[in-house]
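If you scroll down you'll find the structure; I have some questions about it.
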């Protein structure tokens, strides 16, 4: 075995030892108040420290927006940093009682118009909607290597979807379901020249097409990598690959993206998935893929172009790395990319400048690797400070490791130098971590957030289900300083820290906004001015109720419909004062929706229950809030 192979390969005994250690750590850590942290059990209070101030005084504003995923809760959460105050939740894949997301016509259109035809058929007897989502990996759009404030994209692992949030109004305006692909795990966006593509990893292989006819034929199973056009929210192209895909990132030159693979064995069981001592990173050549699509060198499957990127393809290269790599993260220097080992104590550092030669077959795959430092047990994700330092989460060690990229390269070249600068205990078992602006060329090296999977003893006991623990860390000095614990509900998988200067939301809606354009068009057809008129339009057994709302009164004190009518209520908030949001709730009908200033919202339902049903404003918008109400009168059939 060559020295190069010795550097790279994870000894089978080491791998099994690491795996056993991980299992033991999970068993101890999940059950008790103590956790594995550098090999010692540390009480929570022993870790309290006073670092740089994270205090944001009353009336002052945070320096950063932090966009958190929520995993199985299905929403985006907006937190301010460094205060770590939660400011807003954006419902996306979930049903939201507060805002009516998933019930209003506007939100249902977003949630359904991008579904695959077979999914629409599948959901016909289930209300027409998926009622769950597993939202991971929120990432904003880029222009020239930094955030441009237009959009935020995220994936739904549970139902193979991708969403887009408009950052001017902080609302989801597009959701699409990916054909051919089964699950979406890693998601990142094109950094240069702009977004551009949204890259989506297919984690699990299934037969393509997945119609139940070839389930026993392993050769029919394929994992799929997808590029979505971030402007049109349509699939631009897909690439079939060998092995499962995990996480993904892109370069700063607009030439390549790259994904980790943790199941090169293409196994169906845990033992099968861990059988090999090596997996790989897949590198995608965007120019070659685009040229092939333009020339028609693809198969159309599920209505989209699909290219064959399996081993030997001109579109991809496979670089061997130690077993089960997880995160892959591009450094702000535009040169280095780090794949994190997970089952190996190492991370693998690539130099993107070598990728051209790799695709031109001038060098071997492992020649793109320039460092492979050993950092600790369970490296999952790496963040950067823009000063040449990297910060890697060590899941099993419950630590964040600060290390220097150039020193790691020197050590890989044979020099006796230790790249590790500092290790900090975190609480407990960290997954993702992110630095302020650290995923852009403008990394500022101020803050790091460690998203920890277990909180254990850090908070008052709230029962068997515990919060996660997101910890704010000051990285402005030579050593990291833990300054704040922040509990979060299930379950953030990722976060992005964006300087507030990059985001510029509106305070009130623009009346020309496309979000409620369908309501405007219907009102025009009914000769209704939404900003003025409050009227009832009957069209057979379909009734359209239009009303304005201006605190503290709705435009209609009551309206009458017949039992069995299909009723659509349109409410337009004509208040122009910022933060004067109204709500519209019909008692005992299960109807509630948000109506923000200058917005129109609508909801459609069947008036199946006769009688008197009051509607009222659910937002406290006025001193006469309790009086802001009216009656829906439902005439009984035959009355």
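Cβ coordinates come from backbone N, Cα and C, glycine included.
Positions annotated as signal peptide by Swiss-Prot: 1-46. Per Swiss-Prot, the feature Cu cation Z2 binding site maps to 136, 185. Residues or ranges marked as Cu cation Z3 binding site in Swiss-Prot: 137, 432. Taken from Swiss-Prot, the feature Ca(2+) 2 binding site covers 262, 265, 273, 279, 324. What Swiss-Prot records for 326, 381 is Cu cation Z1 binding site. Residues or ranges marked as Ca(2+) 1 binding site by Swiss-Prot: 453, 468. The Cu cation Z4 binding site annotation in Swiss-Prot covers 493 and rests on similarity to another entry. For 541-639, the entry in Swiss-Prot reads region 'COX2-like'. The Cu cation A1 binding site annotation in Swiss-Prot covers 582, 617, 621, 628. Residues or ranges marked as Cu cation A2 binding site in Swiss-Prot: 617, 619, 621, 625.
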Please give the average pLDDT for the region 'COX2-like' (541-639) in this predicted model.
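When the pLDDT values over the region 'COX2-like' (541-639) are averaged, the result is 97.
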Counting by DSSP, what is the helix, strand and coil composition of the region 'COX2-like' (541-639)?
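Taking the region 'COX2-like' (541-639) as a whole: 3 helix, 54 strand, 42 coil.
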For the recorded Ca(2+) 2 site formed by 262, 265, 273, 279, 324, name the remaining residues of the chain with Cβ within 8 Å of the site's Cβ center, in chain order.
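Checked against the 8 Å cutoff, the neighbours are 243, 244, 261, 263, 264, 267, 274, 276, 323.
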Within 10 Å of the Cβ of residue 582 (Cu cation A1 binding site), how many other Cβ atoms can be counted across all chains shown?
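Looking across every protein chain shown, the total is 28.
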Taking 8 Å from the centroid of the Cβ atoms of 617, 619, 621, 625 as the cut-off, which other residues in that chain fall inside it around the Cu cation A2 site?
551, 552, 581, 582, 583, 618, 620, 622, 628
Between the binding-site residues 136, 273, 279, 326, 432, which lies closest to residue 628 (Cu cation A1 binding site), Cα to Cα?
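Nearest listed residue in space: 136.
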Counting Cβ neighbours within 10 Å across all chains shown, tell me which of the binding-site residues 265, 279, 468 comes out on top.
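The residue with the densest Cβ neighbourhood is 279.
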If you count the C-beta atoms lying within 10 Å of each candidate's C-beta, which of the binding-site residues 381, 432, 493, 625 ends up with the smallest number?
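Comparing Cβ neighbours within 10 Å for the binding-site residues 381, 432, 493, 625, 625 has the fewest.
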Judged by the number of other CB atoms within 10 angstroms, which among 273, 617 is the least packed of the binding-site residues?
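Selected from the binding-site residues 273, 617 on minimum Cβ neighbours within 10 Å: 273.
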Which entry in the list of binding-site residues, 185, 326, 453, has its Cβ near the fewest other Cβ atoms, using 10 Å as the limit?
453
